Structure formats: structure tokens, C-alpha cells
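Peer 1: Sharing the features that TrEMBL gives for it:
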DOMAIN    39-337  domain 'Ammonium transporter AmtB-like'
TRANSMEM  12-31  transmembrane segment
TRANSMEM  43-64  transmembrane segment
TRANSMEM  76-96  transmembrane segment
TRANSMEM  108-127  transmembrane segment
TRANSMEM  134-151  transmembrane segment
TRANSMEM  200-222  transmembrane segment
TRANSMEM  228-249  transmembrane segment
TRANSMEM  285-307  transmembrane segment
TRANSMEM  319-339  transmembrane segment
Amino acid sequence: MPSKYRNFRNSVPWIILFLEVVLIILFYFLFSDDDAPRSTISYPAFQDVNHMVIFGFGFFLTFLKRYGFSSIGFNLVITVLGVQCSVLIEDLLVLLLQRQYEDGLKRITKAAVSMTAVVISTGAVLGKTNPVQLILMAVVEIIAFHMSRSINTTLLQVPDNISMMHVHLFGAYFGLAVSSHFSEPSPRTEKNASTPKSDLLSMLGTLFLWVFWPSFNSVLLVKEKTKAIYNTYFALAVSAVTAFVLSLLTAKDGKFRMTDIHSAVLAGGVTVGYAAHIIEYPWIAMILGLLASGIAVLGSYCLQRCLHPALKIHDTSGIHFTFGLPGVLGALAQVVLFVL
């Protein structure tokens, strides 16, 4: 973590312990499985999502050589604390809105999906925050995300699975908003540099996410699960191919730039997540994957040099181009496909 990390070293374990005690007490009073229906989610599907959040995003954020352990270790701590908070918030909303309780497996699956927003936001502030700030951000963001999702499902009548796909947009722009309140680390400092080893570990995380992304987009679906998996795979495949092509075309030395590939191969999965279950033909998903990868690569190539300096946006791991802009494209595509 940053240089101020040692100032917080004595308080971190007590803050975590305090939060865990509070969560245990709240679970005692709020958690209930009474009259819960049979789960529509299988344990392997939950494991796929869990692998994405723990392994995929954990390694995805290891590209800064001084923060490799922080990326993986604190990703685990934040995730498990956040999942507990998410389950309790969902139970509280069920109690207030007088809904039917869901079974435990579906609860923790939805909580793990919700935590994707937090780990995406972590990518924007990586290397600029200490553990206390990360934990505070995780708690505040998971509460804000559930409030946003509750408004979408209750007032706007957005289906539950589509409202959950807002994790990409919410996580990206929440992280950028938080990042704007921290000073930008100098690119010349040793802390803000990467090594071939850290880049390799980060690419390993990208591969984990790529493999499990079809499960992520389909885990909350019941009727159209196979169609969502099918369309997500084709979108991811085309975005991966496009990422390699555009990386070569935009490189001055004619070599692949792993920075582009690292961010763009996942863009298709982000974009198609909103509409994967309603896309009738795979060529539509393939076009979305191509456009998403193009936005990710060209956005990183152009906007990072023009827009980010003007708006004073500092995006450590490129979440704006990997999750933010492809998420906007996916939301627009979902509206168009729904109208048509």
C-alpha cells in the first residue's frame, strides 16, 4: 500500500475484527431461511462466479510490482467482508419491502456478483489508498450499489438479472469518482511501475475472467441460460481477436501491446451482459464484441491522452476502458434490442 500504510498497521486488525463482530451480531438477528424456495442456482455456477471474483480480479490487478500482495490479499479480505455486508443489506431490503426470502446459495451468489463493482473500483485507486480506506470504500460502495439496484427494480421495474449487470458501470464510475479525490502518483516512481512478472500475473487474471465470464452473465437466469452462455462466448471470442488486431495496428513498433490486450479481451463480455439472454442470433453478439473491443483499445489509445488529462481522471488499471465505456455500449444495445 502507499507510504502511509504503516500509520494504519496497528488499527487495521481491530477495524476488521470490529466489522466482523458487528456482522455476526446482525446475522443473528436478520438472517433467515424460513420458507425460502428451492435454489435455481447450482453450486458449480456459484463456484465460477467465486473464482472470477477471488482469482480473476485478484490477479487482474497485480500489474503494479509494489502492490502484488496487496492486490491479491486485500482483494480477498474486501470480498469476503463485502459478501457478508451484501447478504445483510439484501435481507434488510427484503424485510422492509416485504418480499419473499431467497435461499442461501442464491444470496451469496448475488452478493459475489455485487462485489464485482467493488473490485472493479479498486482498480482505479490501486496504489493510492491504504487498507482502512479500501475497507471503508467497500462498505460504502456496496450499500450505494444495493440502493441503486433497489431503485431500478422497484421504481423502474428493471428485471433482477439486468439490474445486477450494472456492476460494471457502477464499479467503474464509482472508482473513478473516488480516484479523483487522490493525488495522481508520478509515473516515474518505482511504486507505479510494472515488471514482466507482474504483467504476466495480471494476464493470468485476465484469462481467468475470460474463461468464467459466460457463467457470470448467465448465473441469475433461469429460462435463457444457454442462450446467454452462447452469446457471451462469441462476444468474448470476437473481442479477443479484435484486441490483438487493433493492438498491432495502433502500435508504432509493430508489436502486441499487452496493455491493450489486457483491457480489451474482456470488453465483449461486459457489453453483451445486458442483452445476452435476448439476442437471437450470434452475429449480433459478435458485432457487440467487436465494437466493445474497439472502444477499449481506441479509447485507451486516444481518450487517455486527451480526455483524462482535461478532466483530471487518473485510472490506474484502465477500468474506464475495460468496464466503463463497454458497459455504456451494452446498456444502449440492451435498450435498442428491447425496443426492436
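Quick reminder: no glycine exception, Cβ is built from N, Cα and C everywhere.
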Peer 1: Taking the transmembrane segment (76-96) as the reference, which of 12-31, 43-64, 228-249 gives the largest number of Cβ pairs under 8 angstroms?
Peer 2: 12-31
Peer 1: Could you give the residue numbers and ranges of same-chain residues that sit at least 6 residues beyond the transmembrane segment (43-64) on either side and whose C-beta is under 8 angstroms from one of its C-beta atoms?
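Peer 2: Long-range Cβ neighbours of the transmembrane segment (43-64): 71-72, 75-76, 79, 105, 108-109, 112-113, 115-116, 119-120, 122-123, 126-127, 191-194, 198-199, 201-202, 204-206, 208-209, 212-213, 215-216, 218-219, 262, 316-317.
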Peer 1: Under 8 Å between C-beta atoms and at least six residues away from its ends: which parts of the chain pack against the transmembrane segment (200-222)?
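Peer 2: Hits for the transmembrane segment (200-222): 40-41, 45-46, 48-49, 51-52, 55-63, 68, 109-110, 113, 116, 160-161, 164-165, 194, 228-229, 232-233, 236, 240, 258, 261-262, 265-266, 269, 272-273, 276-277.
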